[in-house]
Amino acid sequence: MGYYSLTEITAVQYAKDHGYFEEKANVICHEIGDGNLNYVFKLDDGEKSIIIKQALPYAKVVGESWPLSIKRATIESKALQIFAQYVPDYVPVVYSHDEELAITVIEDLSRLTITRKGLIDGEEYPLLSQHIGRFLAHVLFYTSDFGLQSEEKRILEGTFVNPDLCKITEDLVFTDPFGHYDTNDYEPDLQLVVDELWSDKTLKLKVAQYKYKFLTRKETLIHGDLHTGSIFSSPSETKVIDPEFATYGPFGFDIGQFIANLLLNALSREEEKRSVLFFHIEKTWSYFVETFTKLWIGEGVEAYTKEKQWLPIILQNIFTDAVGFAGCELIRRTIGLAHVADLDEIENKETRIQAKKQALSLGKELIKYESKSADIQLFRTLFQQTVSRGVKA
């Protein structure tokens, strides 16, 4: 039959045909996806529920003029299963994957809330940073040369060649926001600030270096799109979803993206409500370092993990990269193709424009920063300096 796009009706029939519901069951189906690339259906018969996710052969956010390979669905399914080997508590269960139709059937997480929405609504999620720090440490360690024999790592790396979605990252994170490209999207009130950013040759040179790291450093399996919209949370649970951008890349990439999205939320808040975001930023790094260090000492397979002086160098390199990648993410989420609700939903125009100017300024500071130590307080310090400079709308 070949590939076809599901509807709510055909999604129900697919689920029944594959044994998830009895043929006579009264299954309610809704398309609930709010992402840019896929259909997501929730199916519920009153006793159990599942999620059916289908990759489209184009970017939904743009349309059929932007074709994409549906093989990304297989990459996403494989990534979730790899993550589950190391941190099963932090990912949804994958029930099945249909490569021909680019369909993945997964656990329904509707008991939880998308973390971005929860943070916008003022939720604090006390375990978020602990869970994400440990998730990152386990996945990044165990899929790298430190946790895998080199032969195994090369084989695994070959299964995560993801050209279409890597090209999206290359363009939308590292290239387009830093020049005159049609994909960019921002208010006219930002034009002077954007022009200044685009003319900053020092900034562009640093961005070029971070892009080159993304292109060439195949260090570990990264989620590739770890923002707060790719995480479900509750006060007691955290689940990482949507790793369709998964590929082998730099250790610091996911860390930087996650931190950047916490910073974007902090920029949307009044000063007295920001402390929980910096708590999560700082605790994410401390839990990552603590867990990564234990794995390095106890389970490192690379011979030189026995050299005590090497780990601090590795952690410093990861931190330096995370800082720069966070800066790139701040800028692309402010003036690039895919914005975030944290800033866009600020109702007062003057406040919204000021927050976006501050995001651009902070992004530039992070990209240019020459990190000499893995001091996680850096994010708080640069944030406060940026805000106190009084970037005016």
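Placement of Cβ uses the backbone N, Cα and C atoms for every residue, glycine included.
Quick caveat, the model's predicted, so the values are computed rather than measured.
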- Look at the ATP binding annotation in Swiss-Prot, where Asn38, Glu107, Asp108, Leu109, Asp242, Pro243, Glu244 are given, and name the residue from Lys24, Lys53, Lys117 listed for that site too. Lys53
- Do you know offhand how many angstrom separate Pro243 (ATP binding site) and Asp225 (substrate binding site) by C-alpha? 7
- If you draw a 10 Å sphere around the Cβ of Asp242 (ATP binding site), how many other Cβ atoms fall inside it, taking every protein chain shown into account? 23
- Cα-Cα separation of Asn38 (ATP binding site) and Asp225 (substrate binding site), in Å? 15
- Distance from Asp225 (substrate binding site) back to Glu107 (ATP binding site), taken between C-alpha atoms, in Å: 20
- Task: Sorry to bug you, but what's the C-alpha spacing from Asp225 (substrate binding site) to Lys53 (ATP binding site), rounded to the closest Å?
- Result: 17
